[in-house]
Amino acid sequence: MKTLLLALAVVVLVCLGSANELGLGRQRVDRRRRQAVGAPYGLCFQCNQKSSRDCLNPKRCPYFHRTCYTLYNSGGQWTVKGCAKMCPTAGPNERVKCCYKPECNND
């Protein structure tokens, strides 16, 4: 019976560790640097002008997408906010502003 309980405890600990590695556990934040610690994802505002209601709250980015960006048109107005692995390249008559902290593309 003790062996069964020990085996169950080991399985639970392994599963909890795997959940944290996958980002399914509770997100840890370094309060001093105001940055997520652990799972490799960012927290950015993700929307465009048509879905600007979605810009009220930041969303978790896909894994390894830690760069937040804001794409501006030639008139200087933002058109798209999102996250990427690397800073995207601006097209003709566009400007991109990238940042690397959680929720930093809220402008």
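Glycine is no exception: its Cβ is also placed from the backbone N, Cα and C atoms.
Features of the protein shown, as given by Swiss-Prot:
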- 1-19: signal peptide (SIGNAL)
- Cys44-Cys68: disulfide bond (DISULFID)
- Cys47-Cys55: disulfide bond (DISULFID)
- Cys61-Cys83: disulfide bond (DISULFID)
- Cys87-Cys98: disulfide bond (DISULFID)
- Cys99-Cys104: disulfide bond (DISULFID)
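Features as recorded by Swiss-Prot, highlighted on the structure.
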residue: Cys44; record: disulfide bond; Cβ contacts under 8 Å, 6 or more apart: Pro58, Lys59, Cys61, Cys68, Tyr69, Lys81, Gly82, Cys83, Pro102, Glu103, Cys104, Asn105
residue: Cys47; record: disulfide bond; Cβ contacts under 8 Å, 6 or more apart: Arg53, Asp54, Cys55, Val80, Lys81, Gly82
residue: Cys87; record: disulfide bond; Cβ contacts under 8 Å, 6 or more apart: Thr67, Tyr69, Val96, Cys98
residue: Cys99; record: disulfide bond; Cβ contacts under 8 Å, 6 or more apart: Thr67, Cys68, Tyr69, Asn105
Per-residue Cβ crowding (10 Å cut-off), top of disulfide-bonded residues Cys55, Cys61, Cys68, Cys83, Cys98: Cys68
Cβ atoms near Cys104 (disulfide bond) (within 10 Å, other residues, all chains): 20
Structural state of Cys61 (disulfide bond), classified by DSSP into three states: coil
Where Cys83 (disulfide bond) sits in the secondary structure, as DSSP reduces it to three classes: strand
Cys55 (disulfide bond) - helix vs strand vs coil (DSSP): helix
